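Colleague: Submitted below is the structure of interest, expressed as C-alpha cells.
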Amino acid sequence: MRHLHHQTSQTKLWAVIPAAGSGSRFSKTELKQYQYIQDATVIEHTVKRLSQLPLTGYVLAIGKQDTFASTLSFQDKHKAHFCNGGVERVHSVLNALNYLSQIADEDDWVLVHDAARPCVTFECLNTLVKNAIETNQSAILAIPVRDTLKQVNQEQQIDKTVSRELLWQAQTPQIAKIGILKKAIETALKNNLTITDEASALESIGESVLVVMGRSDNIKITYPDDLELARLILQSQN
C-alpha cells in the first residue's frame, strides 16, 4: 500500500477531535472518552491511531471545566492544541475550526474524528486521506448497511421494509478542506439545519462527499458494554 508521506508534502493535514460531549447514553456521571482500556484512556488510544498519519497538529475541543485532558500522555503531545468545546458536537467542531484557521491555511485538509472511536485502523485512515487528496474532494469512512431495515409506526408496528441497496452507515474520520468545512457548518447553523456529522453540513451547501469503505470494527463507544468490545478489538488488531 502506498503511504501518504510523499503525497502530503505540499498539503498540510490536521485533525479535530470533539471531546466536550457528556455522552448521556454512556453514563450520567462519567465521560466515555476518559474511561480506561488497558493502561490508557479511550481518547489517548484515539489520538495514537490518528497520529500514525503525518499530522501537522491536532485540536481537542474539550469542556470548559475539563482540567483532565491536558494531563494525559497523548502521542506527539507537542502537536496537541486545546480549545473550548460547544453545546453540541457541531459547535465543538466549529470552535476547533475557528482555532485552526488562525494557525492553518484554509486549503489545508482536516480530519474530524470522534473521541470515542479508538479502533480505526491505519489502513482506513491512509485510504481515506489518499482518496480525498487524489480526487480533491471531501470524504468519509462508511460501511454498507448489512441488516434489513424496517420503518415502523408509532405503535412499533412495521410499516415497510426499507431498501438497503444504496444505504451506507457513516463513520469517522470525515475529511474536508478547513475553509470549505467551516463555511458549510456556519451556513448550516445559520439556516437552523440539524447537523449530525460533517458530511451533512457539506451536503447542505452542495459539496460532493466521497464514501470510502471503512471497517465494521471502527466502533463508536456509546454504551458501557462497548468498552469491553473495544478492548477485544484493540487486542486483536495488535
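Every residue gets a Cβ built from N, Cα and C, even glycine.
Take a look at what Swiss-Prot says about it:
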- ARG25: site 'Transition state stabilizer' (SITE)
- LYS32: site 'Transition state stabilizer' (SITE)
- ARG164: site 'Positions MEP for the nucleophilic attack' (SITE)
- LYS220: site 'Positions MEP for the nucleophilic attack' (SITE)
Colleague: Excluding near sequence neighbours, so keeping only residues 6 or more apart in the same chain, what lies with its CB under 8 A of LYS220 (site 'Positions MEP for the nucleophilic attack')?
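Modeller: Listed in sequence order: ASP114, ALA116, ARG117, GLN171, THR172, ASP226.
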Colleague: Counting every protein chain present, what is the number of Cβ atoms, excluding its own, within 10 Å of the Cβ of ARG164 (site 'Positions MEP for the nucleophilic attack')?
Modeller: 14
Colleague: What is the separation, in Å, between the Cα atoms of ARG164 (site 'Positions MEP for the nucleophilic attack') and LYS32 (site 'Transition state stabilizer')?
Modeller: 31
Colleague: By a simple count, how many Cβ atoms lie within 10 Å of the Cβ of LYS32 (site 'Transition state stabilizer'), its own Cβ left out?
Modeller: 24
Colleague: For LYS32 (site 'Transition state stabilizer'), just give me the three-state DSSP call.
Modeller: helix
Colleague: What three-state class does DSSP give ARG164 (site 'Positions MEP for the nucleophilic attack')?
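Modeller: Its secondary structure by DSSP: coil.
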